[in-house]
Amino acid sequence: MPLTKTSSVFLIFLFGFYSQTAKSQFCGCSPILCCSEHGFCGYSDDYCGSPCRSGPCRTSRDPIDKIVTQQFFDGIIDQAPNGCAGKRFYTRESFLKAANATFDFTDTVTRLEIAAMFAHFTHETEHFCYIEEVNGSSRDYCDESNRQYPCVPGKGYYGRGPIQLAWNFMYGACDVDLKLDLLGQPELVGSNSTVSFLTGLWFWMNNVKPVLTEGFGATIKAINVMECDGGNSGAVSARTGYYKDYCKQLGVDPGANITC
Ligand SMILES: *[C@@H]1O[C@H](CO)[C@@H](O)[C@H](O)[C@H]1NC(C)=O
Ligand SMILES: *[C@@H]1O[C@H](CO)[C@@H](O)[C@H](O)[C@H]1NC(C)=O
Ligand SMILES: *[C@@H]1O[C@H](CO)[C@@H](O)[C@H](O)[C@H]1NC(C)=O
């Protein structure tokens, strides 16, 4: 059930953009090409055979439920204190459901990508403790100059979900791709955990996955550019620490450029 035809178009646009701008040794290949072990784009077996890093690799790929095991998921959420709202909300099952419904995700996902994604989920939600940003409703996340996705009066577009989707223009763009009324009902992201993970995966596919081949540091920048510009080195090292831990758990090498 590919929910997100428009996002696939957007993604191809992004990949096209990256293929022109990214340095080839970091890959960022066009979507029809594979990224080889050493980071070059091509489509022969030298690139697409094992150990191909991304793209239409011809290696056997672990199914996602073999990567995100119950043990892996619980190893994170069990660290959240018992009083956390997220503990009764986020589940491995809802993640897998959302993953399955996200166009092109489960066909391309790697262990390294899961390590990176869950490192950010862990940091954003404090081990799946938080569903919503603390005191989010007291902050204004309405960009009134955005006419494409105007704020609905009385609705708050503060951080919600595993990647803490925020701002009317993000809820609006996600709404269009997922075909869910998130501009009118942003609270859905905090009340339905499949929707919550769908928004995290939507953000990931559009903004983060395209830079994954540049290293984990680039994914931090894609999620929170201010942290990388010296704004919050504690947050950067927390994210990096989770990433290294999850890479170890999943048996993959974290690669180069893991910080920013
Ligand atoms: C995944 O999606 C397919 C349809 O695209 C469906 O047939 C299958 O049951 C789904 N699996 C899960 C675990 O949701
Ligand atoms: C949230 O608001 C409460 C009450 O106004 C305040 O005591 C608390 O420090 C705030 N927390 C954060 C993280 O802003
Ligand atoms: C949560 O959202 C999903 C995806 O839109 C939907 O299929 C499911 O029925 C919803 N669950 C509930 C309890 O509303």
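A Cβ is built for glycine as well, from the same backbone N, Cα and C atoms used for every other residue.
Please treat TrEMBL annotations as automatic predictions, because they have not gone through curation.
Checking Cys27, Cys41, Cys48, Cys84 against TrEMBL, the residue bonded to Cys34 by a disulphide is Cys48. Within the set Cys247, Cys260, the cysteine that TrEMBL bonds to Cys228 via a disulfide is Cys260.
For Cys41, the cysteine that TrEMBL lists as its disulphide partner among Cys29, Cys57 is Cys29. Disulfide connectivity taken from TrEMBL links Cys84 to one of Cys27, Cys35, Cys129, namely Cys129. Between the alpha carbons (Cα) of Glu124 (active site, proton donor) and Cys260 (disulfide bond) lies a span of roughly 17 Å. For the disulfide-bonded residues shown (Cys29, Cys228), fewest C-beta neighbours within 10 angstroms: Cys228. According to DSSP, the domain 'Chitin-binding type-1' (24-59) comprises 7 helix, 5 strand, 24 coil.
In the three-state DSSP scheme, Cys228 (disulfide bond) is classed as helix.
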